[in-house]
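Copied from Swiss-Prot, the annotated features are:
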| type | residues | note |
| --- | --- | --- |
| ACT_SITE | D127 | active site, proton acceptor |
| BINDING | G11, R72, C73, G102, D103, G104, S105 | ATP binding site |
| BINDING | R21, S22, I23, A24, R25, R154, G185, A186, E187, R211, K213, L214, H215 | ADP binding site |
| BINDING | D103 | Mg(2+) binding site |
| BINDING | T125, I126, D127, R162, M169, G170, R171, E222, K243, H249, V250, Q251, R252 | substrate binding site |
Amino acid sequence: MKTIAILTSGGDAPGMNACIRSIARTCIYNGIRVMGIRSGYDGLMNGNIYEMNVSSVADIIHRGGTILGSARCPEFKTEEGQKKGAQILKDFGIDGLVVLGGDGSFKGASALSKIGISTIGIPCTIDNDMGYTDYTIGFFTAVETVSDAISKLRDTSSSHGRANIIEVMGRNCGDIALYSGVASGAESILVPEVELNIDEVTEKIERGRKRGKLHHLIMLAEGVGGAYDIKNMIEEKTGVETKVTILGHVQRGGTPCTFDRLMATQMGNLAVKLIMEEKTDLAIAMKDNKIITVPIDEAVTTKRKFRDDLYEISKEISI
């Protein structure tokens, strides 16, 4: 009997539990033993591994976070640590490992694949910053969370005639700010991929004021930085009271949206099928609305392309 293990690593993302459920149930349906590794690579290093069954994944498809947990593990970044982790997997009789996470998690999976462990990577991160796939599990739920917050901030901004800077996650990738900003009608979208032009921001605010606009929403990806500096510049140049709202880790939680659940279920099912067919050391992706695979090393090295087309649309419609 084959044995497959599941590990979640890095920042949690809504949809991880739906993916865990899909992997576990596909394994059980096909007569494969399934093991859960608690607390990511740290749990692997400590042998924190248990056998899962149908009840282990009952009533989790709608839950955010990860029932397996996640934790940092500096030891696993070393060559000795990786060899130790591989040996622990072998000691537990594990034939294949499915890793749910982002770039760092995939680098760990790639390292294990090079020392004889069959691995499959599934992209789970709200940042949508993995270049080899169009979308990552958790991204659209985070966008929904941010869009809901923007709707509430629009109400209070209009009541008081204010501008509001909404800082969202995205150190190197501004997709959360871009997608939620376009979907919510933000006047300005500030992302790390585009150089900040404060005059453009303030000119939009002033044009809006002249035609009686009461609110001004500015989306800011955290990678741009300087939320309070931008606030001060806006107030100095326009005289408009400006508030800063940092959404923080609320973006990672909550019930996963339908799209994330569907993608997670499809990817989890495919991961098991690939291991059954001995097609491993791969990463699963969504490209052009299709679920595909690429070599895991390619997934780690592919650079993210910015959605210039969507950014240009945002500029045209936020006059």
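We count from 1, first residue shown onward.
Backbone N, Cα and C define each Cβ position, glycine as well.
Worth saying up front: this structure is predicted, and the values here are computed from it rather than measured.
The structure, with features from Swiss-Prot marked on it.
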residue	record	CB count, 10 Å
R21	ADP binding site	24
R25	ADP binding site	21
G102	ATP binding site	22
D103	ATP binding site	19
G104	ATP binding site	17
T125	substrate binding site	26
M169	substrate binding site	26
R171	substrate binding site	13
K213	ADP binding site	14
V250	substrate binding site	14
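When the binding-site residues G11, R25, R72, D103, H215 are compared by Cα distance to T125 (substrate binding site), the shortest distance belongs to G11. Here the C-alpha separation of R171 (substrate binding site) and D127 (active site, proton acceptor) works out to 8 Å. Only D127, of the recorded positions R25, R72, G102, S105, D127, have a C-alpha within 10 angstroms of the C-alpha of M169 (substrate binding site). Looking only at the recorded positions D127, E187, the densest Cβ neighbourhood within 10 Å occurs at D127.
The CA atom of K243 (substrate binding site) is located 11 Å away from the CA atom of H215 (ADP binding site). Taking the C-alpha positions, the distance from G11 (ATP binding site) to R21 (ADP binding site) comes to 19 Å.
Binding-site extent for ATP: residues G11, R72, C73, G102, D103, G104, S105, maximum pairwise Cα distance 15 Å (rounded to the nearest whole number). According to DSSP, R252 (substrate binding site) is assigned to a helical segment. All protein chains included, C73 (ATP binding site) registers 19 other Cβ atoms within 10 Å of its own Cβ. What surrounds the ATP site, by Cβ distance within 8 Å of the Cβ centroid and not counting G11, R72, C73, G102, D103, G104, S105, is the set S9, G10, G40, S70, G101, G108 from the same chain.
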